[in-house]
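According to TrEMBL, the features are:
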type: DOMAIN; residues: 1-37; note: domain 'SRCR'
type: DISULFID; residues: 6-16; note: disulfide bond
type: DOMAIN; residues: 41-141; note: domain 'SRCR'
type: DISULFID; residues: 66-130; note: disulfide bond
type: DISULFID; residues: 79-140; note: disulfide bond
type: DISULFID; residues: 110-120; note: disulfide bond
type: DOMAIN; residues: 146-242; note: domain 'SRCR'
type: DISULFID; residues: 171-235; note: disulfide bond
type: DISULFID; residues: 215-225; note: disulfide bond
């Protein structure tokens, strides 16, 4: 193929227009190549899809990342690339178990605003003391947006959070005035006045967030609060919080 013209929305390269006559003037010295980055990053052995040991795919295969080579800015990029919201915690010392295969030990130097980890610069110096005892893990917030719905204005309503493009409600057992204060601050809605049940703003639909937000109340956004999966309560939409 030559002079290939794709819009980008085609499902196969053969669906793009091309010039077969011009192709006859080409030789294999002009063969085109592509480097794809999709699925080159994953979180493994976590307690939900957005937590776990950080593993990256290179030509040698999948490998874990050394905790000495990884910081909060790198975690920002990992969570963003995986559509997992914002980083809640970076955990070293193989907190999610020891990986297998290689350990990538060069220092990752993300600014924090990159869309993919592969875009980040890397230090050429290797951290030779790294082993699977040093595998780094990340806990991402698991949600990408928050909103208050079915209220009289944008600063009151049923609390909902977005996860992988789907919206879900929040169980009242997971929520207190400290968490509400952080949400109001994050939404530029002043201070929290009260936490109410579903009898105020109605019952939602779909999934229910059952993990507990453990905020101290001074955070600027909910993703900075710790999240506990061990205190899950029996939740239904009758317990949707507002």
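Even glycines carry a Cβ here, placed using N, Cα and C.
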16, 171, 235 as disulfide-bonded residues, winner by CB count within 10 A:
171
Long-range neighbours only, meaning 6 or more apart in sequence with Cβ under 8 Å: which ones does residue 110 (disulfide bond) have?
73, 74, 76, 77, 117, 120, 121
Applying a 10 Å Cβ distance cut-off over all chains shown, what neighbour count does residue 120 (disulfide bond) have?
16
If you run through the domain 'SRCR' (146-242) with DSSP, how many residues end up as helix, strand and coil?
23 helix, 25 strand, 49 coil
Expressed to the nearest Å, what is the distance separating residue 16 (disulfide bond) and residue 79 (disulfide bond) at their Cα atoms?
34
Contacting positions for the domain 'SRCR' (1-37) when only residues 6+ beyond its ends and CB under 8 Å are counted:
116, 118
Count the residues of the domain 'SRCR' (1-37) that DSSP assigns to helix (H, G, I), to strand (E, B) and to coil, and report the three numbers in that order.
10 helix, 2 strand, 25 coil
Looking at the disulfide-bonded residues listed here (66, 140, 171, 225), whose Cα lies nearest to that of residue 6 (disulfide bond)?
140
In the domain 'SRCR' (41-141), how many residues does DSSP call helix, how many strand, and how many coil?
19 helix, 42 strand, 40 coil
